[in-house]
Amino acid sequence: MEGGENENGGKKRGCGCSKQDFLPEESFQSCRSYLNALCNTKSRLRDRLLARSADHMELHEIRGRSQHEMKKRLNWWDIIWFGIGAVMGSGIFVLTGEAARNHSGPAVVVSYLISGMTALLSVLCYTEFCVELPVAGGSFTYLRVELGYFVAYIAAGNILFEYVVAGASVARSWTSYLATLFNHDPNSFRFHASSFPEDYSHLDPIAAVVSLLICIAACMSTKGSSRFNSIATIVHLLVLLFILIVGLTKANPQHFSNFAPNGIRGILKASSILFFAYVGFDGVATLGEEVKNPGRDIPIGLIGSMLIIILLYCLLSATLILIQPYYQIDVNAPFTLAFQAIGLKWAKYIVALGALKGMTTVLLANILGQARYFTHIGRTHMAPPFLATINEKTRTPVNATVVMTLVNSIVGFFTSLDVLANLLSLTTLLIFSLVALALLVRRYYVGGETTSSNRNKLILFLMLIIGSSIATAVYWAIGKNGWTGYAVTVPIWFIATLGLNLMVKEAKKPKLWGVPLVPWLPSASFATNVFIMASVDGASYVRFGIWTLLLLLYYVFIALHASYDAAKETTDTTSAATATCLEDGGASQLHH
């Protein structure tokens, strides 16, 4: 299309793109308009900072910016398999060793149960939102509606970064496990570039190729991706079943004799580590726009898959302890070396195959979630709107999928696993906490309906819940062995949640499916996620701060003005349509 023009009159480049695909908003049409926008930054910040979206906006006007709709092809069966495939990667094969040997001992089973129930609380909160707002944006949409555009933007920018880190990390792990299958050192399947810094010198073309193949599958068809995910996940489950059956034939119940060598603190510390084996379901929530019957399929799919995962994790960790005493478990390859210790050295190939299958489905779910997050962000013009385009033929977000895959591939090609592993999922926990908080706001506050008295009480109780949860986490993080701090912070959390339950009138009931025991379960979800955040290393907080600062710069200079213009255009269009309807109605009455 060299030399052609787009529908807005902008010149097309050789690649078929124009400036209008990236910055079509009024503020970026000329240097003068951009300078004028920058001069109005303060007033626009005031307008956008606490502005919230609405359900009907996200479901209709915002979604309509993609030109074509995604096809509704998924049912509860697909969501269950996507849920299992997104969560059950290599985490069970890696994290169990560290948790059992260094912290909980045989009580690792209890640790898996605690972290699983914590994840289930977040799943419940996501499920209600996903049923009520079945759009591609996932948590970005939920936070836009309840906590405002600005909070949603910061959260979404960080979660996309975590998705990239996770995708690149899993892709490089894929190469490592493939090398294990062929009895090679992982770096023997990579190229060494001595001129590059050490952490970026082992180039991984396999990681890039696997990511690109997954991208092609994701672009072609969501239903096709679902079928592939189901088959790969079934193979993975068969491998896990093999581990259970073979392991139990060598079981020694005496290994459970010293059940909790480090007491409750060791169990809880292990739970905070093992929680990361449960993340991934938030990406499945972004598929809500493609589900046939959200009110039925999403609760069954999301909750059902998490219950299956919790059961499997507890059984697998128990089997590992029955095979080998906890103090002999290898931290890096617990299952492989446990089978080797009982004379089943060949079993390591089965374990590696299971890990490969698991990581393949995690990569697929990761890119599906990434693309749909980015698609909805593009719809709001906080990212270039060409990312919001839904392909007319495949009805999938091809642009967003390709862009995110290229980023994943570049990071995975250069960056070592050690660097990626240090970027833990602090943002994931932050998002889970914010979604739980947003659900409380959704249930107890409706603009224009909630009285000022109930609003003020809601703010007070939420501040107490937030403050007591953070205080409990900090007390845990500084390593105090006593219970004095918890005797203060936990009752404050309990009284604040009870006050919210008894003294603030619930403003909105869910239409199709809702979280039970509100406000208790969302409040507990917030508190437990904040508590687990206390176990994240300091480097992750530094990374979070630096990345958030970069996001703020982008917001002030670009995203603020682009989203402001887009919102203004939507408001003007809606007002014009309303006026037209009123005029038509008046003319009709005059005619009669």
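Including glycine, each Cβ sits where the backbone N, Cα and C put it.
Some features that TrEMBL has for this protein:
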TRANSMEM  74-95  transmembrane segment
TRANSMEM  107-126  transmembrane segment
TRANSMEM  147-171  transmembrane segment
TRANSMEM  205-221  transmembrane segment
TRANSMEM  228-247  transmembrane segment
TRANSMEM  267-288  transmembrane segment
TRANSMEM  300-326  transmembrane segment
TRANSMEM  346-369  transmembrane segment
TRANSMEM  398-417  transmembrane segment
TRANSMEM  423-446  transmembrane segment
TRANSMEM  458-478  transmembrane segment
TRANSMEM  484-504  transmembrane segment
DOMAIN    513-563  domain 'Cationic amino acid transporter C-terminal'
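If you look at the transmembrane segment (74-95) against the transmembrane segment (458-478), you find fewer than three C-beta pairs under 8 angstroms, all six or more positions apart, and that falls short of contact. Only residues 6 or more beyond the boundaries of the transmembrane segment (398-417), in the same chain, are considered here, and those with a CB under 8 A from a CB of the stretch are 160, 163-165, 167-169, 171-173, 176, 196, 198-200, 202-205, 207-208, 211-212, 214-215, 218-219, 366-367, 370-372, 374-375, 378, 386-389, 391. Pairs of Cβ atoms less than 8 Å apart link the transmembrane segment (147-171) most often to 423-446, out of 267-288, 423-446, 458-478. Within the chain carrying the transmembrane segment (423-446), a Cβ under 8 angstroms from the stretch's Cβ atoms is held by residues 121-122, 125-126, 128-129, 139, 142-143, 145-147, 151, 155, 158-159, 161-162, 165-166, 275-276, 279, 282, 454-455, 458, 462, 465-466, 500, 504-508, 515, 518-519, 522-523, 525-526, 529-530, 532-533, 536-537, 539-541, 543-544, all 6 or more beyond its ends. Most Cβ pairs under 8 A with the transmembrane segment (228-247) among the ranges 267-288, 300-326, 346-369 are made by 346-369.
For the domain 'Cationic amino acid transporter C-terminal' (513-563), the model gives a mean pLDDT of 89. Panel annotation: around the transmembrane segment (300-326), residues 76-84, 87-88, 92, 96, 100-101, 105-106, 108-109, 112-113, 116-117, 119-120, 123-124, 126-127, 130, 237, 240, 243-244, 247-248, 250-253, 255-256, 258, 261, 274, 277-278, 281, 284-285, 291, 334-335, 338-339, 341-342 of the same chain, lying at least six beyond its termini, place a Cβ under 8 Å from a Cβ of the stretch. Only residues 6 or more beyond the boundaries of the transmembrane segment (458-478), in the same chain, are considered here, and those with a CB under 8 A from a CB of the stretch are 268, 437, 440-441, 444-445, 450, 485-486, 488-490, 492-493, 495-497, 499-500, 503-504, 523, 526-527, 530-531, 533-535. Secondary structure by DSSP for the domain 'Cationic amino acid transporter C-terminal' (513-563): 40 helix, 0 strand, 11 coil.
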